[in-house]
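Asks: One structure follows; several queries about it will come next.
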Amino acid sequence: MYRLFYVLRHTLLVLKETKKIAFITVLSLLVGMLALGSTYIIGTKLFQSSLTLKEKVRIVVFFKQNLNSSDVESSVSTIRSIDGVKSVTLTTPEQAKDEFIKIFPQYQGILTSLGRNPLPYSATVELNDISLGKRITDIIKDLQTVDVVVFSEDTANKINNLINVIYVIFLSVMLAVFAEFIFTVQNTTTLLLDYRRNDIRVLRLIGADAVFTFIPFTLIVVFLNLVAWVISYYLIGKVNELSTGIVQGIIPYATVSSNVNFNVTLFALLIFSVVSSLIGSLISVLRFRNVK
């Protein structure tokens, strides 16, 4: 009980006498938490929204005019059998005409005056993986019944590139913040240890073990992390509220997902911060373990 009382008293005493160091440390940890937390939340929504955008990238097939339904059905069956094709939806000329009139009602009179339906059979091909789109498009083009095949390869490539960039940015920020936490806490702990060097010498001379001597500095690190985390909880919450608009501005045609478990994310951020900070603190403590 006495040991616990001493450790807590010594921890509070060091904190009280080193307010400037504590303030700078909290500020540095807060910046890192904001950077990592905001990047994760926005990056997750970007990633999920990119996946919804990928689902909208399809191959559209227009068949030649004057084909009978059996020829078209045979071609559709062939397309369905291609590896990488998720589904094929056939649109008849009558369905295409009705859809066209819904979108462009002003041209209904022109279509009626033609005396025939000029729109061909068409098919919408959904893919399991848009990276297979170019290969599947080339296969469909070789079918004798096919007139035109439309596939937005450039859009597909941009979506894949965006997903890769999201991964790279998040990993880069995570590594940078991890290094920043270790560096900041290592310097903070070193300053605190230097400040209390005489006390450490006295404790070592009277036979105090290393755990009893250095645990107050570890507790300070944990406490400063908690302070920074509490502040970041509020600020990252504001970022979470604004993130949907940010993502919508980056990819305006995607369905923005808000499926981010905020509390779990912030708890993981706290664990990440404490673990990396303890590593930094341990590095400094190991340098002072033989002080006499």
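Backbone N, Cα and C define each Cβ position, glycine as well.
Summarising the annotation, TrEMBL assigns domain 'FtsX extracellular' to 57-149. According to TrEMBL, the feature transmembrane segment maps to 21-43, 165-185, 206-236, 266-286.
Neighbours and distances for these, please.
Replies: On the 0 to 100 pLDDT scale, the domain 'FtsX extracellular' (57-149) averages 86 in the predicted structure.
Sequence-distant contacts of the transmembrane segment (21-43) (same chain, at least 6 residues past either end, Cβ-Cβ under 8 Å): 15, 166, 169-170, 173-174, 176-177, 180-181, 184-185, 188, 191-192, 220, 224-225, 227-229, 231-232, 235-236, 239-240, 243, 246-247, 260, 262, 265-266, 269, 272-273, 277.
Taking Cβ pairs closer than 8 Å, the transmembrane segment (266-286) reaches residues 29, 32-33, 36-37, 40, 177-178, 181-186, 189-190, 193, 210, 214, 217-218, 221-222, 224-226, 228-229, 232-233, 236 in its own chain, all 6 or more past its ends.
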Asks: What does DSSP give as the helix, strand and coil breakdown of the domain 'FtsX extracellular' (57-149)?
Replies: 45 helix, 22 strand, 26 coil
Asks: Who are the chain neighbours of the transmembrane segment (165-185) in space, where the CB to CB distance is under 8 Å and they lie at least 6 residues beyond its ends?
Replies: 25, 28-29, 32-33, 35-36, 39-40, 43, 46-47, 50, 221, 272-273, 276-281, 283-284
